[in-house]
């Protein structure tokens with residue numbers, strides 16, 4: 001294995017959509033943080049009642065899932081060895097390029113601030129001008145095509161569980177690409193499923209996204225030794 005591309009897909013990460021920006025729950029949260037409603041992340045912890053009006057609301061408003069998953073990925077030995085490429089692809093077709101060297105805040109509210117800056121400016125730079133995060137409009141299909149993986153693997157709970165050894169065999173290819181869903185409820189879209197060469201499950205019951213990330217990367221580390 002030369003490198004592994006980790007894609008956190010259909011991520012429940014977005015700024016508050018226009019149709020609920022005037023809802024009291026959103027306005028109060030924005031005022032508390034000294035920001036415009038359009039510049040804050042949609043977060044079910046604060047915007048639950050407002051989100052009832054949104055389409056597919058059960059899959060949205062969970063930046064914390066992305067937060068935990070990125071911390072797992074960026075802190076992994078595979079990433080520290082320079083063998084991991086990490087991307088976030090949101091449900092509304094934004095691609096986030098993640099610098100392997102970025103040190104994301106451990107505190108959730110600070111994490112939200114960083115990603116609100118990213119959605120506002122399109123990029124987050126270090127003090128020295130190094131690009132840490134970059135946002136671009138684009139589809140998951142376009143990103144997968146650009147990366148040209150040798151194997152495309154989708155982690156899903158909707159199939160028979162695989163053993164870690166069988167997943168290790170799947171990953172043991174020059175440029176594997178692994179897709180992990182970063183949404184709280186529901187299923188992958190048909191478009192996402194079509195991109196996979198194989199769909200695999202880690203366990204007989206649903207697992208949190210960051211647990212899936214951790215176990216997959218641990219398995220990949222066994223491939224490279």
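Cβ atoms are placed via backbone N, Cα and C, with glycine included.
As the structure is a computational prediction, the values presented were derived from the model and not from experiment.
According to TrEMBL, the protein carries these features:
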SITE      62  site 'Interaction with substrate rRNA'
SITE      64  site 'Stabilizes Arg-xx'
SITE      103  site 'Interaction with substrate rRNA'
SITE      106  site 'Interaction with substrate rRNA'
SITE      110  site 'Interaction with substrate rRNA'
BINDING   181, 186, 202, 203, 204, 205, 206, 207  S-adenosyl-L-methionine binding site
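Taking all protein chains in view, 21 other C-beta atoms sit within 10 angstroms of the C-beta of residue 62 (site 'Interaction with substrate rRNA').
For the pair residue 205 (S-adenosyl-L-methionine binding site) and residue 62 (site 'Interaction with substrate rRNA'), the C-alpha distance works out to 21 angstrom. In the three-state DSSP reading, residue 186 (S-adenosyl-L-methionine binding site) counts as coil. Residues 181, 186, 202, 203, 204, 205, 206, 207 are recorded as binding S-adenosyl-L-methionine; their most distant pair of Cα atoms lies 17 Å apart.
When Cβ atoms from all protein chains are considered, those within 10 Å of residue 205 (S-adenosyl-L-methionine binding site) total 8, not counting its own.
In this structure, the recorded positions 64, 204 were compared by how many other Cβ atoms lie within 10 Å of their Cβ, and the smallest count belongs to 204. Closest to residue 62 (site 'Interaction with substrate rRNA') in space, going by CA atoms and restricting to the recorded positions 103, 106, 181, 202, 206, is 181.
Residue density at residue 202 (S-adenosyl-L-methionine binding site): 19 other Cβ atoms are found within 10 A of its Cβ, drawing on all protein chains shown.
Note on proximity: of the recorded sites 64, 103, 106, 110, the one nearest residue 207 (S-adenosyl-L-methionine binding site) is 64, by Cα distance. Sequence-distant contacts of residue 206 (S-adenosyl-L-methionine binding site), defined by Cβ-Cβ distance under 8 angstroms and a gap of at least six in the same chain, are 157.
According to its DSSP assignment, residue 181 (S-adenosyl-L-methionine binding site) is in a strand. Annotation for residue 203 (S-adenosyl-L-methionine binding site): spatial neighbours 157, 161, criterion Cβ-Cβ under 8 Å with sequence separation of six or more. Here the binding-site residues are 181, 186, and the one whose Cβ sees the fewest other Cβ atoms within 10 Å is 186. Across the structure, residue 181 (S-adenosyl-L-methionine binding site) and residue 64 (site 'Stabilizes Arg-xx') are spaced 13 Å apart at their Cα atoms.
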